[in-house]
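Enquirer: One structure, as structure tokens, below. Some questions next.
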């Protein structure tokens, strides 16, 4: 009716058409109450009242007749559906299928007698022949009379419930107000009272809970985790292992380790055993947080349950070992991957190579480099530079130079870090002439030293007390426009203490104190030793306290020397400077 009104009055807006429809509906209902629908829509239908024009009433009757016809059609369809699904018709089709009557023959039998007169058809009595024994229904060789097919039907029904899940209940009235209050809660608020009221009003099923949590996660993610944890304990939610694993995964991605562990504990307390997905999530979570011991426990638990780790789990564990400075354990997992025909990625190889280089394990770095080549990854500039770094840290100058020359032969130009590594290898052997000759050769090839290389030279020259040369290098570093690395400030602090430049020494020390979290154990040792030797005993003791706060232990000889310096009353020249000046 709306369509016809819109066509008749194209200039009217929707509200006007709605008003017309209301008036028409009220009048039609009034006429129906007087004479009934059938009387109004019959062939003799006319104009019941003069309120509407004859054309309008005719349109109303046309629409009404169309509706009635559709209703009649639906009734016929429903009757036909009931007829086709009746046991008698099913039995007839089963019998026809067994005796081989199908397709055209079945239609032909159905059509027999269509040309006879109706009286003869009425006198004919058609009945199915009696059959003895149990009927067996076979389709394409399957015996569908077996009871197991009833179980299959039940499973199909359950699968249908999953594919076409139940719709959540509509939320209105008081329940809607409570829902809005929950959605507007702050992270510090306690959602339990409002949630209890919501449960009492809606009496939610699992589908209602899921719809509510999805909405909450989208509109108020801050309070989502609190409510999701409470919902896990609700009977109507009927929590399963996947609900727990999803929440643990979401918390782990937000770096909320304690909350994730609490959910995992609740899961075990409720008798729900972690499956492979949950254990995999836990492995990733502990690897990401750097908790190697717990990561190993989860990894071994995964194996104990008979689950084989996949590529992602192996990668996470290997990176955890790398970050913990244990590349050999990471390498053992890499070998395990290879035995299971899981090819490690180039990133894994490089992470292991980098870790072996940092600890100065030349053999380990060489094994990884060789394995990479067998796996089809050709030596790159970075892998060659890491081999040079590994040899430098191990104090093996000859091997470092061999790898450096090999990199040049492969056509890879050394970057500043690689050049710094080979110069540092010469520094450990105190071969200054050879180091400078190498720098001159590189300069001829267009390779200029960078901040990293200059930092090594500053450290080396300061130890040789070549203070003027150090100042020249500092000018070159300033020209580079890069921020000086931490190691440079350590070298400068040591140099200024040795040269007696007290003010500059304390300024360099102030810079180091501002970056105390970046210092390693060897850095603390060198700073404390320099301060003690220069007479800055109180400063040395203060730095020692910072070292212990970081969890590092001072070597015994230096600890004894520091104690002795304090006992004999070594001068404390740093005391005349305030902390701000330092």
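Backbone N, Cα and C define each Cβ position, glycine as well.
TrEMBL annotations: computationally assigned, not manually curated.
Remember, predicted model here, so these are calculated numbers, not experimental data.
Straight from TrEMBL, here's the annotation block:
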- 240-274: repeat 'PPR' (REPEAT)
- 275-309: repeat 'PPR' (REPEAT)
- 297-406: domain 'PROP1-like PPR' (DOMAIN)
- 310-344: repeat 'PPR' (REPEAT)
- 380-414: repeat 'PPR' (REPEAT)
- 415-449: repeat 'PPR' (REPEAT)
- 450-484: repeat 'PPR' (REPEAT)
Enquirer: So, by DSSP, how many helix, strand and coil residues make up the domain 'PROP1-like PPR' (297-406)?
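Expert: The domain 'PROP1-like PPR' (297-406) comes out at 84 helix, 0 strand, 26 coil.
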Enquirer: Below 8 angstroms Cβ to Cβ, which residues of this chain, lying six or more residues outside the repeat 'PPR' (310-344), approach it?
Expert: 280, 283-284, 286-288, 290, 292, 295-296, 299, 302, 351-352, 354-356, 358-359, 361, 364, 367-368, 371, 375
Enquirer: Quick one: average pLDDT across the domain 'PROP1-like PPR' (297-406), no decimals.
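Expert: For the domain 'PROP1-like PPR' (297-406), the model's average pLDDT rounds to 94.
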